[in-house]
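K.L.:
Pulled these features from Swiss-Prot for this protein:
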{"type": "CARBOHYD", "residues": "104", "note": "N-linked glycosylation site"}
{"type": "CARBOHYD", "residues": "245", "note": "N-linked glycosylation site"}
{"type": "DOMAIN", "residues": "260-464", "note": "domain 'Peptidase M12B'"}
{"type": "DISULFID", "residues": "337-386", "note": "disulfide bond"}
{"type": "DISULFID", "residues": "380-459", "note": "disulfide bond"}
{"type": "BINDING", "residues": "402, 406, 412", "note": "Zn(2+) binding site"}
{"type": "ACT_SITE", "residues": "403", "note": "active site"}
{"type": "DISULFID", "residues": "419-445", "note": "disulfide bond"}
{"type": "DOMAIN", "residues": "474-554", "note": "domain 'Disintegrin'"}
{"type": "DISULFID", "residues": "486-511", "note": "disulfide bond"}
{"type": "DISULFID", "residues": "497-520", "note": "disulfide bond"}
{"type": "DISULFID", "residues": "506-539", "note": "disulfide bond"}
{"type": "DISULFID", "residues": "533-544", "note": "disulfide bond"}
{"type": "DOMAIN", "residues": "555-610", "note": "domain 'TSP type-1 1'"}
{"type": "DISULFID", "residues": "571-609", "note": "disulfide bond"}
{"type": "DISULFID", "residues": "582-594", "note": "disulfide bond"}
{"type": "REGION", "residues": "717-845", "note": "region 'Spacer'"}
{"type": "DOMAIN", "residues": "848-906", "note": "domain 'TSP type-1 2'"}
{"type": "DOMAIN", "residues": "908-968", "note": "domain 'TSP type-1 3'"}
{"type": "CARBOHYD", "residues": "942", "note": "N-linked glycosylation site"}
{"type": "CARBOHYD", "residues": "943", "note": "N-linked glycosylation site"}
{"type": "DOMAIN", "residues": "969-1023", "note": "domain 'TSP type-1 4'"}
{"type": "DISULFID", "residues": "981-1017", "note": "disulfide bond"}
{"type": "DISULFID", "residues": "985-1022", "note": "disulfide bond"}
{"type": "CARBOHYD", "residues": "987", "note": "N-linked glycosylation site"}
{"type": "DISULFID", "residues": "996-1006", "note": "disulfide bond"}
{"type": "CARBOHYD", "residues": "1025", "note": "N-linked glycosylation site"}
{"type": "DOMAIN", "residues": "1053-1091", "note": "domain 'PLAC'"}
{"type": "CARBOHYD", "residues": "1092", "note": "N-linked glycosylation site"}
{"type": "CARBOHYD", "residues": "1139", "note": "N-linked glycosylation site"}
{"type": "CARBOHYD", "residues": "1144", "note": "N-linked glycosylation site"}
């Protein structure tokens, strides 16, 4: 993938999955700070003011200061403000009967009267919004779009469009022919205060670039560059833009008969919900999609496409994290598309059945700057019709429109097509995206590519706002003859043209009128499929064929099951599969695909393995010992059971050396046990399938405590005992053995000692806990001998327990530390058939040995204001009153919990608490930001605090993000190649561009002296004029000498830069012209990025000094579309070295611009010899071979002649 481009845009991957990198506003919160309200368009050329809109009647008369909707969308709590009563106001209502609204707003000195109508086609009837919780609970509410409006500006109905939301203030886009405005409230949640003094809004303004702003002005006439020259430069820079705009005007579409409706499922992950807040996120999403809908209504698209919301799902945090894989856009898109497919309603007539899924997230699913990811031409496909979009404010509407454009079949402009000239002017499908609120359009290539595929997207044909359509025949032409279709196309009397028999009637439908049967007409389209074209034949896809059943719309059906394949394991219960295909018949011509799973499985080889200690999961981890390195080292990998039950069919392994748990990024083999706590449920293709102890899939039958399937514990025996020894030697001390088959094993030290417990496998002799040279006193959970063990060391008292069953006998040992006596207690359950007859520690009834005892009180349900807490019970051994595992009290009835009140003190008011500002993200440049934590906390009575929801804090939220270190980075001078010499003979000048650039090729600040940009070039002497012997050639040189008789006017000026006056100033290819004074003034900001105060030297000031030390270099202009006319400074004498002999032709000439003087200067031919200097004013009849100097002389002559008149 190519790296991101510069500030102008981001490169997009040209692969089949297209990703979008788009520079958008840094923030787009609905609750914006007054200092820097985010969300609107920002950057070069953007202006903003504060305005207070008011609601009016149709004639613009004041009705109320309340601009917010009377009701808010479902799920959003806002207090309704009654409209203000205006004394003496009559005539006009708040809204007309059609639901229209009218607002007046004054922006940048212009009074705009907005005429709005409800956008009733953005939210489909029956649409819902779902809030998914962490526990799996879902809250469903109807989705209402009552506060979404579109319309125009009074007086500009044909050239303006408005898309606004008034859920909470006015937010949206006002677009006119010459300029665009983006409006949003300065602060959110103040609807209740609107009636008092109105609501303050921020209005952003940007002029369109279709007409360049006027240049020059009064100061332009004072410079050495004429106003005409500046205007020609402006026109030259606007040629390309005007051409595209004119082509857009030629492409204005006519309203199509068929509307296309994209019914959208909008998925929103938790990062978006948390950023905008649960109170504001729904109306923000509706406003965003309202703008997307308006983008698809732009006339440059050439089709009428409606974006219709049928369902919004706001995901929980856990689900959001599982869908987005950080830094992996391909996998993230696959997860999102799979999720959207699972949300699809099976019935196509369901109100929530969607055609396309749009997923919004603020997580970084790809490299820095990636904004979107989508398949190409996937519309209406059950899995591929989806897009993944990075939400970053209202400008994200262009991300959504761009990615959905890919799904509709549009490619990048300029890549494989001829629309690269529209990229810089805001085409939505540009690879370097320039689209913004102030300018956007669909290129001619996007229009052509859309028309190529749009007719094939049948799912967009249905209208969610109309119902009870009669069922259409599979082939509509079966009911309409060619004569009837001609009448529909051209009017009464028209019939199929029969004058010519040489054409195929199914290729194009030709029609004629009986009054003129030889004049045939066509709309260049074929007849409807199914139209009869010959006896027994019908038109289908442009061909006249026999109509057989296999070409009609056909739903798919499952074929027969294949035989079961081989078993995944040779012993220990494996899985074998069989599959089926949706080919009985295949779905065809828009028919439905098969529903249900394409595979089935059953258990196999359930006999025990010869190696009773074999652990299938352990074997899979061990296979990676030689192949998988972690931390640049090899490890011995042990099995690990994940805490999350959903992850237990994925392979996780634990390093024996470091204890780190690592995901192997793969699923466990089919037939692996889901959990060590369940001996029967198995993993099948990454999912845990419930299996009962009877070996039946889905069975709920379980073993009793000693392993009898469906048993009642009647065959279970409890074995327990205490064993004590005194350490008399170094090394291990054997205590006792626990037999195979033991379950619910508990081994515990009777007293606190410094000894260490150790366990080894009797059959293999391998230690499973605390090998002598590798004692680990830390509490842990580990897998060994096919079961899960829990080891605890609490203040020197060790405990080891497992649910079992043990697959082999273990030996319990102790590593002594000191002389203290060793005492261990043990207890386990075992089936009576496995019990050793010599074991005297068998207890017939152990239920009386344990009891439920009060362990602690639960935490109070509220930190203040009166809460509740309940008793929590634990299992206690009666013998020594020690708390043990609760499983030992399973046979004892648990007492009911006791409730009591707690924390009766009153609650204090929550306040905002801010953290320290983090270091700036950049040391220099234009993107430095620093953030800090902002929390709403509530003080508690015990001098602690707790975090609460932000809605409980009444004050304005403090700023949590601000710009920093916004200054240019240090750079280095970079010089280009020297230009060609300005003359073809004699002495001229050469120039080269010299720019200050940083390492990332942006503008910087250079402390070193700037390298020279101009130098003298000396070519061979110019040929003499030999046609007239009386005339000799002389060389005239301009010098910057002060003439006391002709005082030099002060022409240098300094002015504060007001910003670039053309969007082309940011093109790097034009930066080399910054040395031209006129261009420097036009593009003062781009040419002088390190300094807001731009020196504008429209004409070089004559330096003062002695005549022999002063010389002025005239710049060489190489701009092909720009002619700079510079008048020579008045009163500057000319130096005339005379070329009277050929011997001096090769001598060194110090002049910078040489002109031939084709006439004789009296008295000088014999008296003056080169290189004498003769002060002299240039004659108006001088002629030069240097075309640039000749143009300057001609301009001077014209001005002198005009002065005489």
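Residue positions begin at 1 at the first shown residue.
Including glycine, each Cβ sits where the backbone N, Cα and C put it.
I'd like to know what surrounds each of these features in this structure.
P.N.:
Neighbour list (residue 104 (N-linked glycosylation site), Cβ cut-off 8 Å, at least 6 residues apart, same chain): 53, 54, 56, 60, 62, 111, 112, 113, 114.
Neighbour list (residue 386 (disulfide bond), Cβ cut-off 8 Å, at least 6 residues apart, same chain): 333, 336, 337, 340, 356, 357, 358, 359, 374, 375, 378, 407.
Residue 380 (disulfide bond) carries neither a helix nor a strand DSSP state and counts as coil.
Neighbour count (other Cβ atoms within 10 Å of the Cβ, all protein chains): 28 for residue 412 (Zn(2+) binding site). According to DSSP, residue 412 (Zn(2+) binding site) sits in a coil region rather than a helix or strand.
Within 10 Å of the C-beta atom of residue 403 (active site) sit 24 other C-beta atoms, taking all shown protein chains into account.
Sequence-distant contacts (6 or more apart, same chain, Cβ under 8 Å) of residue 445 (disulfide bond) comprise 410, 411, 413, 417, 418, 419, 429. Annotation note: residue 445 (disulfide bond) sits in a helical segment as assigned by DSSP.
Residue 486 (disulfide bond) has a Cβ environment of 24 other Cβ atoms inside 10 Å.
Using a 10 Å radius centred on the Cβ of residue 497 (disulfide bond) and all shown protein chains, the other Cβ atoms total 22.
Close to residue 506 (disulfide bond) in the fold, though at least 6 residues off in sequence, lie 526, 527, 531, 533, 539, 540, 542, 543, 544, each with a CB less than 8 Å from its CB.
Every protein chain shown contributes to the tally, and the Cβ of residue 533 (disulfide bond) ends up with 20 other Cβ atoms within 10 Å.
Taken together, the residues of the domain 'TSP type-1 1' (555-610) have an average pLDDT of 87.
Cβ-based neighbour count (10 Å, all protein chains) for residue 609 (disulfide bond) stands at 14. DSSP assigns residue 609 (disulfide bond) to coil, not to a helix or a strand.
Under a cutoff of 8 A between CB atoms, and with a sequence separation of 6+ in the same chain, the neighbours of residue 594 (disulfide bond) are 556, 557, 558, 582, 587.
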K.L.:
Do me a favour and check the Cα-Cα span between residue 981 (disulfide bond) and residue 402 (Zn(2+) binding site); whole Å is fine.
P.N.:
48
K.L.:
Return the member of 402, 406, 412 nearest to residue 571 (disulfide bond) in space, with distance defined Cα to Cα and candidates limited to these binding-site residues.
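P.N.:
Result: the closest of the binding-site residues to residue 571 (disulfide bond) is 406.
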K.L.:
Could you give the Cα-Cα distance between residue 985 (disulfide bond) and residue 1017 (disulfide bond), in whole Å?
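P.N.:
Cα of residue 985 (disulfide bond) to Cα of residue 1017 (disulfide bond) measures 10 Å after rounding.
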K.L.:
Near the Cβ of residue 1006 (disulfide bond), how many other Cβ atoms are there if near means within 10 Å?
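P.N.:
Within a 10 Å radius of the Cβ of residue 1006 (disulfide bond) lie 19 other Cβ atoms.
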K.L.:
Measuring Cα to Cα, how many Å separate residue 943 (N-linked glycosylation site) from residue 609 (disulfide bond)?
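P.N.:
Pair distance, Cα basis, whole Å: 62 Å.
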K.L.:
Calculate the distance in Å between the alpha carbons (Cα) of residue 497 (disulfide bond) and residue 406 (Zn(2+) binding site), and round it to a whole number.
P.N.:
41
K.L.:
Which residues of the same chain, at least 6 positions away in sequence, have a Cβ lying under 8 Å from the Cβ of residue 459 (disulfide bond)?
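P.N.:
Long-range Cβ contacts: 263, 355, 379, 380.
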K.L.:
Tell me the Cβ contacts of residue 520 (disulfide bond) under 8 Å, same chain only and six or more apart in sequence, or just say none.
P.N.:
497, 499, 500, 510, 511, 512
K.L.:
Please work out which residue of 380, 511 has the most C-beta neighbours within 10 angstroms of its C-beta, and give that one of the disulfide-bonded residues.
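P.N.:
Sorting the candidates by Cβ neighbours within 10 Å, the top entry is 511.
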K.L.:
Only counting partners 6 or more residues apart, tell me which same-chain residues put their Cβ under 8 Å from the Cβ of residue 1017 (disulfide bond).
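P.N.:
The answer is 981, 982, 983, 987, 988, 989, 990.
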K.L.:
If you compare CA-to-CA distances from residue 412 (Zn(2+) binding site) to each of the recorded positions 403, 609, 942, which comes out shortest?
P.N.:
403
K.L.:
Given the recorded positions 609, 942, 996, 1022, which one's Cα is the least distant from that of residue 406 (Zn(2+) binding site)?
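P.N.:
Closest by Cα distance to residue 406 (Zn(2+) binding site) among the recorded positions 609, 942, 996, 1022: 996.
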